[in-house]
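These features come from TrEMBL:
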ACT_SITE  Asp193  active site, charge relay system
ACT_SITE  His230  active site, charge relay system
ACT_SITE  Ser405  active site, charge relay system
COMPBIAS  894-909  compositional bias 'Basic and acidic residues'
COMPBIAS  925-938  compositional bias 'Basic and acidic residues'
COMPBIAS  951-977  compositional bias 'Polar residues'
DOMAIN    463-562  domain 'Calx-beta'
DOMAIN    576-675  domain 'Calx-beta'
DOMAIN    689-791  domain 'Calx-beta'
REGION    886-977  region 'Disordered'
SIGNAL    1-23  signal peptide
Amino acid sequence: MLKRLFTAVILAGLFYQPVLNGAAGLTADVDKLVAQVDLTSRVPVIVKFKKSINIHGLRRSISKKHQYEPAIIKSQSRQKKQLRRRLLTGLQDQLIKPKAKLAKILRDHGVKTRLKSLWVINAVALDLPANLVDEIAAMPEVERITVDMQLTMSDDRVEGLTTDPLWNLININTEQLWQQGIDGDGVTVAIMDSGVELNHPDLIEKWRGGTNSWFDPYQQNELPADMVGHGTQALGIILGGDESGYQIGMAPEAKWIAAKIFDNANESTLSAIHESFQWLLDPDGDPLTDDAPDLVNNSWGFSTTINECFQEFSEDIKLLREAGIGVVFSAGNFGPSTESSISPANDPGALSVGSVDQSNEIELLSSRGPGACDGGVFPKLAAPGSLIFTADLLPNAYNIVSGTSFAAPHVTGAMALLKSAFPDATLSQIETALYDSALDLGEAGTDDSFGYGLLDVAAAHALLESNFGSNENSRIEFNESLFSVDENTQKLIVTVRRSGGSKGEASVDYTTIEDEAKQGRDYAISKGTLQFNDGETLRSFEVFIHDDDLDEENESFYVALSNVDGNATLGEDLEAEVIILDNDGTGAISFGAVAYAVNESKQQAIIDLIRTGGSTGIVDVEYQLLAKSAAADIDFVADNGTIRFQPGETQKEIHVELVDDTLHEDNETFQIILTAVSEDASIAEPASTTVTILDNDPDIETVTIYLDAVSYDVNESNNQVFLTVIRSGDLEASASVKYKTIDGSAIKESDYVDTSGTLTFPAGVTRRTIAIEIINDGLYEEESSFTLILTDASGNATITTPSAAIVRIIDDDALPFVSIHSSPGHSSGGLPSRFSSNREALEQDSIQNQTRSRSDRGSSLKIFDLSLRGYDSSALLDRLGLQAPEASVTTQPRDGDAEKHAEDNKKSECGSTAISADPGACSSDNEKETAAPADSKDVQTVAEFPEVDADSTTGDAAPQATSDAPLGNSSESSPPQ
């Protein structure tokens, strides 16, 4: 099979090919890829079908349904839930028929391939034979076909701390809300990123948990994981705790869920990102449950879209907003030039965030506006993004980071605080409060560096507090007085704003008016009515733009508002100009990023060149390599050269050969600069880039210490769990490492004994064992967990992963055993009824109750045989609506339990026979050692887990609803594979 079209990516900068062509069934990238392969090869594509669902119609019907309800039961949240449910059902239903038709065509041709449903954009992703591309594109249901491109990633800057670790939270007045008890409680935040370090002590307790709280489209990680730390760093800023001694997160009581949009090799595809957006709309796969998050943070973007509008995810963002989910994006690190916005951050539906330093100055590399998709305010807000102290991968645990990737999480955290304080506030109310309360920096009013200004969460809270539910008559007008859009952009999104009060419903008509740009030739006519529901302050409509191949002047048309209705009046900006920017010139050439990093072992650095502002004609680009700390022809091959862009091409690559030596050395850098381009083209920023060669040669004297597993399972009745710590490398000297336990859902001195200390490795010893006492309380309860972490290695040793392990305590105490029968002798008729619940238990208390009539309720139901073990019988009877009878208590085991009880007594005092340890494991010491060469067995804990279904609301494991299921809640999860 043909390898996927492959491009490079950075977080807050993914690389892509901007190839939207709304007039054709095939986009340019598909044409190019098909032309390069033989007809039997398969190409990875996304087939997008035409839309049939009418979102505006859904909104109107739901609004009309609720308009006559009494105020006491009419609520924003109720309408939002109904819209989400109908939206999900409608989106999934509209894909059924076109997907089935596509599947039939493939079957008729004998093609077997997986069809990945992307109902969020009414599309499917598949590997399609090249000879069928034209036939599929000709289907009347197909809107377009694009390549499902593969993407790669590298992360943002990491620096040293030179200031107060809390400066970022202080600058935006977060502490003022904490002092009022506003901490994010009740809010769920999602993050789409590289993943999350689940075991991090500042994050583990805040995970919502369950199968509806983690999504890995590659199915590589059953539990949250992060290979590079970027997602962990961003999430720490949103809601991290204070285990470091500093409160690092904005909303520490919020819960998180996550989608890992990059696989374990740090690669992604467009379809995987679509799947992740889709998952956010319905995490448990059941439209009848409302388990979607309130917000989603996106600290990534396509770096080859500088000053371009790439609308691949425009529909995803729009649908999330319709479902009431706030969508925050980092603005990108492609400043200081103006017009350096990137996608998807420049989508009008995204809340884009730029970065400021400790002095509230805009960061040099923070991308500037105006936005390429509408010519509007970009970024929307600015927030701290320089030298931010936050969580990181274990064992380091914390780090100092910079970039807009870490400015965006401040806004996400601020929105979580405001949603916690005002649960009924709409998304647009919260966004408008943030815009209107922002601290105006730079030029007066909105500008291309700070947008509306610097985030001030306390001021936004005060504004919401004073205006929430205001009866003041609102004003409706355009959000901008001037819009602009590139000719090759598929559609312009025009935002209309409702200011002043937002109580009650309102509507306004909109239309397009031609000028130099003509309807039908340059754009499609757009007219209709925008409906503002109670509390809504922002709405938008779309105007489709026609892309021609004429080299012409920019042209303009107008959009206009009229006929306002409801609790609103028309404002001042009732007409706005729209400029269509011609893109049929030769364009400008620049690097895809200001910096790249590549491992020495790759033997090649691949650097992207991008062409923006037009793709007509041939353009030649000359470049030069300059040595810095890396030496020319020793660390890299310094060959200068020329790259040629053919007509229509927007991306090329420079390949630099690296020398993979065996020396352990510092990372080294060299630079590439653009020196000349063809006469009709120009050079844009960044015109130079720095390449860092990452050394991969080990220091032979290095000693590493790490745990032998990332998780351990132990039955509560085992009383102890053993964790093995391994040392490798130079063993001639002694070494040591500190360790300590950290609470999760398991609480020290209640579920386990708090354990900490220093583990010493004498010379020659390769492994030591830590024993932790588990408290067997005899109470039935849910599975719980805590974490052990390694810190502060000494003796020329360093800690490597895994440096932390989660310990899951599997409760094996008694569940209730209940049998309730209606007495056949007193039944009012029919067959005897029976409800029973049974499960093996460890305790054997049996309560035999004599039949008692419930004459006070005139019922024929009799309590006949009620057996309870380890359970409060009065609470159970209250739950069943029955009256407690007088009880006769005996203490005899059920059939078969005597033998099991005798077998349990044979277990050793140091735990279950399921634990394999050496003879020293039962000593009273917390530690034991094994000398090298190690011939001892690794310590393992074995536990059996029953198969259970996932709860449709929370995703937590729960018993199946059958007549033989135990009463009460049970939550037992399988360990990671």
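One-based numbering along the chain as shown.
Positions of Cβ are set from backbone N, Cα and C atoms, glycine also.
Summarising the environment of Asp193 (active site, charge relay system), the number of other Cβ atoms within 10 Å of its Cβ, over all protein chains shown, is 29.
Looking at Asp193 (active site, charge relay system) and His230 (active site, charge relay system), their Cα atoms lie 7 Å from each other.
In the three-state DSSP classification, Asp193 (active site, charge relay system) falls within a strand. Residue counts for the domain 'Calx-beta' (576-675) by DSSP state, with H, G and I taken as helix and E and B as strand, are 3 helix, 56 strand, 41 coil. Ser405 (active site, charge relay system) counts 34 other C-beta atoms within 10 Å of its own C-beta, drawing on all protein chains shown.
A gap of 9 Å separates the Cα atoms of Ser405 (active site, charge relay system) and His230 (active site, charge relay system). Following the DSSP three-state reduction, the secondary structure of Ser405 (active site, charge relay system) is helix. Note on the domain 'Calx-beta' (689-791): DSSP counts are 3 helix, 61 strand, 39 coil.
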